[in-house]
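Here is the structure we will look at.
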Amino acid sequence: MDAALALLFGQVATAVLPYVVNSIGRVPRPKRVDVKKAMGEAHQCRPVVPYRAPRPYTEGRVKALFIGINYTGSSAQLGGCVNDVMHMLQTLQRIEFPISECCILVDDRRFPNFTAMPTRENIIKYMAWLVYDVRPGDVLFFHFSGHGAETKGGRDSNEKMDQCLVPLDYDKAGAILDDDLFELMIKGLPAGVRMTAVFDCCHSASLLDLPFAFVAGRNVSSNQRHEMRMVRKDNYSRGDVVMFSGCEDSGTSADVTNTSSFGNGTVAAGGAATQAFTWALLNTTGYSYIDIFMKTREVLRQKGYKQVPQLSSSKPVDLYKQFSLFGPLTMNASLVQHLPQEYVQPWAPHPAYQQPHEATLPASVSQPHSQPVMGIPVASTSNGKSNPGVSDGGRASGEVYPPTQYPSSHPAPQQQAYYQPPQQAYYQPPQQAYYQPPQQAYYQPPQQAYYQPPQQAYYQPEPHHQPAPPPPPKKENKPARPGYPMSYCMKFSQGKPGRK
């Protein structure tokens, strides 16, 4: 009953309120991730190319993993996380971020180029794919939009509460610990690999357990001098990692019903942190790390959201250097001393990237030039201005894609293009006039007079003689009496009467 009420409230709130904070809160402590097993299965993943950027990156590969979970039909249902993935893809295309390999995990199979459902098993598998066989010069991008949660800290934890990433099947399979996220995605990165991670979920400030963070309250001024601080003395990595999170470890992130007020060209539901971060990417060309970060906070504060985005990194970033999604991080000289010496050594490019050669994709792979994701127009670059997050590495914009194969004991996954169906107009049947039957006059029956029976006189029976009546019987003359004739007698009777 409680679950049904929670589901009903979540659906009604999503449809009525301007934004919803639907937090899961605490979850049971999940089981640990088998990192070795996950890395052994990473080669099974089949990435795609989401779009073709005008200026490809030639210093290495650009791999991206997008995860959006709406938890449809559950008490934890959200409304805009799948939309966040689409919006992030569109934003990266507009700034010409040249993704060469991409996987998309969303709980909507209708999503273009859907890769897999975001279950716990799949999320772990594709996280391993993201960092599998990476080399110096490779660039990684990770985006998660969904639920974050807290769980009681373990015996080996330095915190009272650990943070968790919540997969689609968390109620059966459990969540994913922040300790495991670091072990799986960050710890093994080689020097020269750059990763940018964006978490739009609750309790997300330290989901990667990075050692350096920008520590400042909600009302910090942009006019002050800001620096990263060391927040833990372990979890170092040779890779260069920058993480943007939607809120503090104890905070929550909002799911917005209508995102049109952010000015990004979207109107559907979405995460407030994703909207603010993408707005900063699109509107702060050439700005520094601190400018991008403070703009993200300012957008949310002006719109009345209570969440405070956070910034953390694997190394002490100089916040006043120009922001980029590429290349090594420029470190703050005053904080480098806190890093062990092995993590600050310079790195050399991978031999496969030192002399890039022209490589073309097979003819069977479709990569239409400037084909936008879901029909969003590609940002124009005819004015010659550079786009944030894109670096040509000193090369002309006419460079070609990096090699698709690299000499290694572990072959890199085969590069595969984002499937684009052949351009085809809607079916038009052959032009044909409506059927015109042959012209015919209305049926005219043959002219006939009304039926005239043959003229015939009334029936006249043939005349015939009727039998003549029998002749009257003849009177037989009675014989006279013997004696005298009558006349004679009468003759004498007319005299004198006689006597009787």
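Keep in mind that glycine also has a Cβ here, set from the backbone N, Cα and C atoms.
Record check: Swiss-Prot places ASP162, ASP178, ASP179 at the Ca(2+) site, and the matching candidate among ASP133, ASP138, ASP209 is ASP209. Of all ranges given (19-63, 289-333), Swiss-Prot attaches the label region 'Important for catalytic activity' to 19-63. DSSP classifies ASP178 (Ca(2+) binding site) as helix under the three-state reduction. Neighbour counts were taken as the number of other C-beta atoms within 10 angstroms of each residue's C-beta; across the binding-site residues ASP162, ASP178, ASP179, ASP209, the minimum falls on ASP179. Between the CA atoms of ASP162 (Ca(2+) binding site) and ASN113 (N-linked glycosylation site) there is a gap of 34 Å. According to its DSSP assignment, ASN264 (N-linked glycosylation site) is coil. Among the glycosylation sites ASN70, ASN235, ASN258, ASN264, ASN332, the residue whose Cβ has the fewest other Cβ atoms within 10 Å is ASN258. ASP209 (Ca(2+) binding site) carries neither a helix nor a strand DSSP state and counts as coil. According to DSSP, ASN283 (N-linked glycosylation site) sits within a helical segment. Residue pair HIS147 (active site) / ASP179 (Ca(2+) binding site) shows a Cα separation of 17 Å.
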